[in-house]
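*Asks:* Starting off with a structure, shown below.
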């Protein structure tokens, strides 16, 4: 982790020279995190939670920045592609050249309204943009176009199901506000630290900032809130929600207060949270740190500051202390007209909203699926879509869920594929399940077919036909095979009839082998027993 | 050619300027003795229409035309210093040559073909530096043309150069330019007004045909008044601000200068209209402003019969130069002669305009000028620390007037002061808007002086910014209300070698520039001694 600490040092030394402003640690990509959500280890987590004395209550609020996946930036026609060569996607507007003016991309409003509705917010039908002013080299105009006193949406909530391994249960977290703003560029620091360079590709990319109520009480709740927000933006198609690329960034405010005290403790902001796992760990570390200070009577050591999560050492360190409240001198953005929504527009968006994760979970629950299945299926939009498409072909929900959660999930894990990469289609999975249910093939053959479908694709019917896999359910044919096996194994027959009935399994295996696995197992065993017992 | 047919045929408008004789007809009436003018007194004519007529009838080539202007420009420029940047003659002549080629090929060269247009230096031009009169942008070349410039070029206009101005538009004399002081063509010891002083002086001295300026609180109208030219500040949103370096975004407007009302209207028509690069530009239809121009033969016909003209009482009270007041009263009488009913109207909120304007304009400017930080473009002062890089680049690159305004604007927007200053000023702005609306419900147009005095001496108010700010009293209200206003010379006060021109301001309802131009045109065409040509042009040529 020397790389990480080096980077931290770099940013740190640079930041010491600044008075105010925002900073996101996105200058280099964290390479230690995998793309998918890291599963938290329940055991280590609960251990940490146990350390928190019962007489303190942690209070956590989260500010999330979601980068919108619009084709072009918020106020100009530049496209944004993560990882492009620096300063290749810029124009006079997003560079803040003299005389250039912002023109709002209407998709930004659409996405904001979508998320506002999905978060059960009250929409502001008459809102506006404001300028938030501070100097920083990644901010070309010297101000960020944002929304100040009239956010486009406020007073909503987000419903979350806590996974069983963390205690389970349903939680509702309040949403204070959702507002639109533009992203800043990035600073690239040289290895020697002699100078820094500015990449403005990201400048002007639209963001939604979602501010939660201080409703979370531990790292897990905070991480689950953020994960649900990620699902939501992915379900809505407003963002790819990718934390490693910085498309979803969470700044967490943590404070601790003695139980029973209504006043909040001094809050500390934590940045540099590149995954839900680190978010959870960072919060729990910070809670422990603050509780320790409280319990030692040193709560005055908790100061309002921004702390950085160090992945390497697994702790938070001071990034900068707040020198009083920054004065951003907000005032209404005179270059942009106010944002007026009309009811038809909002209704149109409301009616076009897809089924949201929470609705999906409740629906799956009603189908009789267990919470573990429900979460597995609904957590990933693509898996949910695959599941729903399979159901639409008439398959039984529980059977489909079993197939997806066992063999299909295992295959994806082994092959490091997503559900969109596998060759199996929902139609064929439904067909496969129907074929087994209808007795055309055995469950064992079904599994073989499944793996072929997963890897190579094709149709269930074709594979059955080509490989002659139709189940043998003709008693006469099975009887012939049973007779053959009995005739070829006289010793074992004698032993069986002598009381070693365990040998039934051996005979069944032999018959199955003869049938090349196609014999109907029920019928096979029935006939076999008849034959073995009849001669005694 | 519809525009031409509704107007008088071109007359001797450029005869003093040694243009090819084929262009002039020497049919003007003899010079009248009063005032101390030595120039012909026939009414001003549209130079643009004359040029178009001459080019299309092959009486004049664009190259010859350009040469004659360039000759005068080279002669006058050392005295006036209107321009911050002038391309070499060859650049301009080759553009003119291209127009001649198109005419010869039978193509329509465009309504502004061969028209030399000067452009204020805060309006971006891709092929010329654009500094906004600031050291911090010294040598800066934008990668794009402002929409207004683009349209001028597309219609055949030739950009003759970039004109001097108060740094980023912050001033009323052009003395706050980081580079040079421009002189008033009527008296080179006096200021041309500002902030578009270079553009006004250039038209006044016929260094160009028309010019573009910008008007945030009077920066087109006051220099038009000081230099004796026509200046038009359009309705907010009528002309795209894309490419105009922002001073105060909610007040800024690109405006036009011409030596006749018609030219100003033609230039406005060329640059007006919605622009998808400016979200505040209006989708309001742009009429052909000249189609309503009447052929004016005499006062007897009472061409403005029934027009209700309101003279704003607060603009002719104490503190306004007596000579200016009498010129405006004479103009009011002239309107009556033309058939108008003239009444004094009171705008009780008028005096609130100045403080409200300065709070809003400076607040916005403190934000708009943040981008001049030395990071991406412009002058950067090397420093070890980021704060020093900002501080040094800005303190070295920006002039004292600009710094003072940024400080005041920053203060007004600061936490704890916002409500007392910015918010209150916005409330005053609404009151002003409403009082203008009321006055314009009862009157078709409102009139006032464009400035409380004629041009004053260079240096006279430099040490007294409050006195200079007070000079903006006549114009700032119009920006706060977002209305269009036309300033045209209406008389003289006795001062300087040849008298100093006084401008009359006509204020109209939003998007009613057509009416202002129609009324202004009739006023101009019927005004006795209505031609305003400064002596320097006569002195420097011939």
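Even glycines carry a Cβ here, placed using N, Cα and C.
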*Asks:* Given the ranges B:17-46, B:47-76, which one is assigned the annotation region 'Disordered' in TrEMBL?
*Replies:* B:17-46
*Asks:* Where residue B:120 (active site, charge relay system) and residue B:219 (active site, acyl-ester intermediate) are concerned, what is their Cα separation in Å, rounded?
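*Replies:* Residue B:120 (active site, charge relay system) to residue B:219 (active site, acyl-ester intermediate), Cα-Cα distance: 11 Å.
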*Asks:* State the Cα to Cα distance, in Å, between residue B:195 (active site, charge relay system) and residue B:219 (active site, acyl-ester intermediate), rounded to an integer.
*Replies:* 5
*Asks:* Restricting to the same chain and to sequence separations of six or more, state which residues have a Cβ under 8 Å from that of residue B:219 (active site, acyl-ester intermediate).
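*Replies:* Same-chain residues close to residue B:219 (active site, acyl-ester intermediate) (Cβ under 8 Å, separated by 6 or more) are B:165, B:166, B:169, B:172, B:194, B:195, B:196, B:213, B:255.
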